[in-house]
Ligand SMILES: C[S@@+](CC[C@H](N)C(=O)[O-])C[C@H]1O[C@@H](n2cnc3c(N)ncnc32)[C@H](O)[C@@H]1O
């Protein structure tokens, strides 16, 4: 059977996606082709010709992406740190910006003395992204992950099982509410780092179709100012952290200074720092649990 050039099909797909309003049309067109071919996007040039049947499947996939189904729901994977996570309907798709929170967590863990096994808690874990990426990078850490939504937990369990199969240290998954005053009481005052990418979008914020139609609502919105879940979580975080331990919480562009103010309020935290993302937008706040005098 005559094989057909792939590149013109990718160019056409990029135009289709651009017209549909997709934010990164060429990247997505290439990712979908790479996914079907089972190669990395950067190696597509090594596959100049494809079977007509593959092109047909490619056009189907592009048509679905043009209907604003998230790219990661079509490929079935999203990345965090060094690992891939299975994602799809029912779970929040991990975002590249959360890599900053992940990198901060690893850097903080590096500063700890080597006199104990570090304990990390990921509140609102979704697919397990942060918890599993930390467990992969730091096999010496004891990592706990908390998630309230049963559908998200199903994805987190699947990802946790995949990581164990790949040889990573198992994490401990907790089906629980991150604002529960009784959450993880056996870890009181013993946790080195709490990380969280919680629901933080202010209610009513306009969102792309990929987000509003496909990420679970509970993963997105955090009340009028976006901080409802964070406010509920903070007493838990404060109770869990050891003196000198740290917390880092991702937030919306609009509510970073309020989050920093919440952390700075009671004198229970020092070094409250607002961290920007690569575009210079405020992205997460980190703070250190004070040592009692
Ligand atoms: C923005 S998503 C982030 C998921 C993951 N941390 C990530 O970065 O991909 C927020 C997650 O918090 C969960 N969630 C919302 N409220 C929660 C609560 N009160 N306790 C625990 N999890 C909660 C949602 O179900 C969702 O999975």
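Even glycines carry a Cβ here, placed using N, Cα and C.
In TrEMBL, annotation is done automatically, which means it is predicted and not curated.
Some features that TrEMBL has for this protein:
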DOMAIN    9-76  domain 'Release factor glutamine methyltransferase N-terminal'
DOMAIN    105-200  domain 'Methyltransferase small'
BINDING   147, 197  S-adenosyl-L-methionine binding site
BINDING   197, 198, 199, 200  substrate binding site
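Report note: the substrate site is defined by 197, 198, 199, 200, and the residues of the same chain whose CB lies within 8 Å of the CB centroid of those residues, excluding them, are 124, 196, 201, 219, 222, 226, 229, 230, 249, 250, 251. Contact annotation for binding-site residues (147, 199, 200) versus ligand 1: 147, 199, each with CB under 6 Å from a ligand atom. Put simply, residue 147 (S-adenosyl-L-methionine binding site) is 10 Å from residue 198 (substrate binding site) when counted between their Cα atoms. Counting only same-chain residues at least 6 apart in sequence, those with a Cβ under 8 Å from the Cβ of residue 197 (S-adenosyl-L-methionine binding site) are 98, 101, 124, 126, 129, 130, 249, 250.
Same-chain residues at least 6 positions away in sequence with a Cβ under 8 Å from that of residue 200 (substrate binding site) are, in sequence order, 222, 226, 227, 229, 230, 250, 251, 252, 255.
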